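One structure is given below, encoded as structure tokens.
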Amino acid sequence: MVSSDGLSASPPPPQAVSAKQFGVTKPISTAGPTEADTLRTLELEKLLVEAGLYESKGEAAKREEVLHRIGQIVKDWVKQLTQLRGYTDQMVQDANALIFTFGSYRLGVHGPGADIDTLCVGPSYVNREEDFFFVLHNILAEMEEVTELQPVPDAHVPVMRFKFDGISIDLLYASVSLLVVPEDLDISDVSLLYNIDEPTVRSLNGCRVADQILKLVPNVEHFCTTLRCLKFWAKRRGVYSNVTGFLGGVNWALLVARVCQLYPNAVPSMLVSRFFRVYTQWRWPNPVMLCAIEEDELGFNVWDPRKNPRDRTHHMPIITPAYPCMNSSYNVSKSTLRVMMEQFQQGNKISEEIELNKARWCALFEPYLFFESYKNYLQVDIVAVDADDLRAWKGWVESRLRQLTLMIERDTLEMLQCHPYPHEYVDTTKQCAHSAFFMGLQRKQGEKVQGQQFDIRGTVDEFKQSIEMYNFWKPGMEIYVSHVRRRQLPSYVFPDGCKRPRPSRAVALQHNNEVSPTGSGERLLKRKNDLGGGSPPKRLSNSPQPQDSISPEIMTHRAGSASPETFDKCFSLEVVDSNKKTLSGELEPGDATNSSVVTSVASMSSSEDAGFGSMTGSCEGNTKSVEGSSIGSNTASLCEADSESLSVNGGENGNLVQSGSQEGLELNAAFGMILNPSEGVRSEGVQKAVMRLGLTSMA
């Protein structure tokens with residue numbers, strides 16, 4: 001296991017990587033750091049320590065102790081089952097189970113309070129359905145150290161979540177085709193995949209992928225520091241969440257590992273800058289791969305858009321390096337990809353200024369001002385009787401929020417864009433347990449259509465029906481979906497409990513000159529003057545803003561003339577001219593509160609007849625039903641990576657280089673991902689003017 005207890009006072013001397021090629025293409029640059037790069041790396045590491053991203057030695061020791069105790073528990077559990085099933089005394093003595101770690105803990109980039117992703121590997125006669133989720137569950141439930149025990153057997157990757165002595169644990173189980181699990185089991189051995197089902201393959205792949213990543217990067221220490229930095233950045237900018245449709249831990253690890261391969265001798269400060277430079281210019285859906293996709297005689301499906309129609313719907317393929325190779329980012333939608341690309345561009349701009357000593361690292365980690373970035377939001381309120389019910393109910397609803405984004409994209413022909421925000425908010429004034437999530441709404445950028453209505457009543461009804469299929473619904477579990485304008489946002493979404501005052505333009509500009517190290521790096525956020533008269537004030541924003549604004553309006557009756565059910569039937573949006581002071585269908589101030597326009601799941605009697613497994617068996621299946629309607633005309637299209645547009649505006653060894661430089665040409669070559677019908681999926685580094693990715697069906 002890799003542990004990160006802190007940082008040394010001075011970094012080790014840079015060691016040039018040998019001529020060995022890491023990854024599917026030659027590196028873009030093998031240059032090492034300059035003195036300025038080394039100093040910037042020290043400043044970055046100092047910031048990460050001051051931000052509290054490293055756990056103490058005491059907490060690290062406690063995690064090791066917890067893992068040891070869990071390891072002993074599963075060994076005793078398997079021995080108990082072996083004895084109950086009448087095996088010989090020798091078999092009982094040899095019976096064994098092992099605990100492996102993966103995710104951020106295995107990669108050595110976990111922080112204080114982070115959970116530990118763990119995998120239990122057991123013998124063939126100990127199954128997941130009864131032995132793991134029933135027998136082991138009951139053993140854990142009786143232990144005083146175990147709290148918040150939550151089994152999720154029907155998840156895409158079945159998992160049991162709990163806290164052990166205060167440490168959060170996500171425990172998976174894999175039953176392999178062995179009567180006795182040896183202590184020196186090699187989790188990377190492909191033979192472990194014989195005669196097992198796909199949920200078990202997915203469970204094993206977490207550990208297999210983590211091990212492969214560490215083998216495929218040139219410098220593990222530089223990789224870990226860079227990954228820790230970019231995970232911190234992603235959380236600050238609101239793009240860290242796999243379940244919401246952004247990227248999770250393994251996705252960020254794979255993206256960082258690829259940049260490490262392209263710049264094998266770079267130090268973390270250089271790798272952070274190159275990360276943004278590469279991915280602002282990446283031509284999605286060209287896949288990011290650390291190694292060639294391996295096909296094996298075992299017959300498991302691997303990612304291949306030529307053979308698998310579902311793979312053609314993926315917008316941001318990030319391929320896992322262990323067999324069977326899968327797209328780890330199938331949850332990404334067009335809307336969330338758009339948001340991430342905006343954030344990459346923002347990060348690239350600040351990184352360039354840092355390299356020119358025009359900004360400091362703290363500018364990169366400015367929090368994203370989500371509630372100042374849009375004029376209209378969808379608010380999803382989740383309530384339950386108590387905290388235990390809310391934990392289960394919220395987990396179910398949160399796993400379905402991504403589907404709401406996809407449904408809105410589908411039903412509005414992608415004209416209405418959603419920005420789901422992966423942060424949870426709580427209204428502590430409510431007597432019941434409460435949680436809320438928000439989505440920003442805007443018209444598709446560049447579209448000038450006015451007066452167009454986005455009727456999402458059917459969309460919300462469909463979303464509600466999917467929520468109603470929760471098989472463990474209890475009285476008190478409810479969900480409300482409402483439209484709120486920026487001025488109607490509840491106070492609990494703001495850090496100090498109240499909305500920040502809008503400064504005048506002069507004050508904002510003065511603050512920008514005094515505080516922001518990015519100079520002209522931010523634009524001013526405009527808002528219309530709802531009350532009329534005079535020029536509206538402008539406020540400073542640290543977030544990239546859409547070029548075209550939108551004012552989607554909910555067409556409703558007045559609050560005094562309609563019941564909540566009537567409001568539910570009037571859930572539609574209208575795009576109007578944002579410069580107009582009077583809006584068609586707009587509610588007058590005081591006509592209705594935020595909760596007056598809701599869709600409620602107050603009665604869920606039909607949920608007992610719903611099939612829980614049919615909704616959670618495969619997230620990819622749901623993706624197909626939502627996204628599949630738009631792939632027919634796109635399967636023969638080509639994804640082009642034009643070398644003229646893939647210009648590099650960054651720096652080499654701290655010096656800016658112009659477009660068309662050698663590094664720019666090699667960066668274009670690194671994007672050359674080719675799907676060859678006869679040779680399978682491979683990657684070539686060739687310096688051609690245009691690189692094409694053919695997604696035509698071979699059927």
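For all residues, glycine too, the Cβ spot is worked out from N, Cα and C.
Unlike curated records, TrEMBL annotations are generated automatically.
Note on TrEMBL: of 1-22, 45-66, 111-132, 309-330, the range annotated with the feature region 'Disordered' is 1-22.
When the ranges 435-455, 582-602, 624-644 are checked against TrEMBL, the one recorded as region 'Disordered' is 582-602.
The helix, strand and coil residue counts that DSSP assigns across the domain 'Poly(A) polymerase RNA-binding' (370-429) are 28 helix, 19 strand, 13 coil.
For the domain 'Poly(A) polymerase central' (222-366), DSSP puts the residue distribution at 73 helix, 6 strand, 66 coil. Per-residue pLDDT, averaged along the domain 'Poly(A) polymerase RNA-binding' (370-429), amounts to 92 for this model.
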